[in-house]
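Presented below is the structure to which this report refers.
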Amino acid sequence: MAKDPGRVLIFDTTLRDGEQSPGASLNLEEKLAIAQQLARLGVDIIEAGFPYASQGDFKAVQRIADQVGGEEGPIICGLARASKADIKACAEAIAPAPRKRIHTFIATSDIHLKHKLRKSRADVLKIVPEMVGYARSLASDVEFSCEDAARSDPDFMYEVIESAIAAGAGTINIPDTVGYITPAEFGDLIIGINKNVSNIDESILSVHGHNDLGLAVANFLEAVKNGARQLECTINGIGERAGNAALEELVMALHVRRRYFNPFFGKDSESPTPLTAIRTEEITKTSRLVSNLTGMVVQPNKAIVGANAFAHESGIHQDGVLKNPLTYEIVDAKTVGLAENRISLGKLSGRSAVRARLEELGYDLTREDLNDAFARFKDLADRKREISDRDLEAIVSEQVMQPEARFKLHLVQVSCGTALRPTATVTIADQDGIENTAVALGTGPVDAVCKALRSLTNEKNDLIEFSVKSVTEGIDALGEVTIRLRRDGKIFSGHSADTDVVVAAAQAYINALNRLVYSLKKSSLHPQHDVVKANL
């Protein structure tokens, strides 16, 4: 059997696989903010990125390793393809972290070998021990993944795994790269590895999975029952295509059903010892932070963190919950950090109260960023009686956590009505502070604003999504707008919140456009799609 640490290790890949979601691109400060919150959440390993992809990715991993990694903190991990250049860059990026890991991989399925890598099985059996050994010479903690393991020939994969462990891999990861496998099959796959890999007891077994068939979490739980002790997951389940296994769902399944899972760890079913090291009360704020910074909206009926996860419409359900929450709720909302504000913030609140609440929400702002956020808070407080946590989150993500600004919005003015053709006047400033103004007509005020902005910026793009939602309740609620732009097949998200949704739409468009322009400055490789040309 594989090594058993006595609990499940949570390997968070929000900053690597999660960021590969269309439109979820993050800048360095946003990645750092998420990494710091992941550390508060208690994840065991943070996969901070793919350092070889670009200089920007390298710097982000390096900064996280320096500022988030610690003797008592999470292991900081970087991804590397099975190539010396990738592995060397990864080792250099994670070097500042006291506890660090190199995660290298190569595909093992015949379809990937033939059509992507154009390599034989013999080639892979030669590359794996060489590259794992090289990684092991640079770091004491090495993880190896068999990409597309779910569609690989088991006997060949056993051979690859055995060679990786012999070369120094302390963790073996089994990815369901395309979300193909079913729970029973995944359990059998883990059983087969434990049974047929002679040196598996020298390594921890890990799993990674995508949600293309909606089975990722179920697959992982079956893998845990059969010996997997590391779960690679993301906050809110974000990731390529249909996403990854959701961290919050996995953790709470193991928490709520601990008595069921305990025997699979050799424990008494009544053992109160948690099966993960996650601080569950940090789940909600982590979910909201990731949603705000990526622009990836959490669906209302999403388990654990969706807006409706603890809502009851039926009268019968409401009556039962009022008498005893356990009648219809298997999770106490407070367990995942869903609680009312302890401090009521309004126009008389000072900087210290705002800073304290932001710190509780997971935001560690610089003095300059705090000044910007506080100025925005005071502006909003003049228009709203009370400021909620969601308002604060919207302020920070809009005002502070934004990409380098090439364009800044200075003026939005619209005229519309039953007898008027919607007209927008917009003024923006470029990075040199030069202002330009445009006027445009549209089918509505938002359409007119977007047309004016498009004419001012001269950046080609297609607006593929516009959505607006109320951040809080009441007539004075903030309206949060999300806009997605597409260019050359890539998607860029922008979001903003304001009591005036037209202003929010204009700022969201500018934010998306700044992300688009920022991305043009860096040319990033994709760890799976870009093939290593030579192992040099």
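Cβ atoms are placed via backbone N, Cα and C, with glycine included.
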Further Mn(2+) ligand in Swiss-Prot, beside His208, His210, Asn244, within candidate set Asp12, Asp17, Asp447: Asp17
Asp17 (Mn(2+) binding site), number of other Cβ atoms within 10 Å: 25
CB-centroid shell, 8 A cutoff, Mn(2+) site Asp17, His208, His210, Asn244, site residues removed: Thr13, Pro175, Thr177, Gly209, Ala216, Glu232, Cys233, Thr234, Gly239, Glu240, Gly243, Ala245
Segment confidence, the region 'Regulatory domain' (408-536), expressed as mean pLDDT: 86
DSSP-derived class (H/G/I helix, E/B strand, else coil) of His208 (Mn(2+) binding site): strand
Cβ neighbour count (within 10 Å, all chains shown) around Asn244 (Mn(2+) binding site): 28
For His208 (Mn(2+) binding site), the number of other Cβ atoms found within 10 Å of its own Cβ: 26
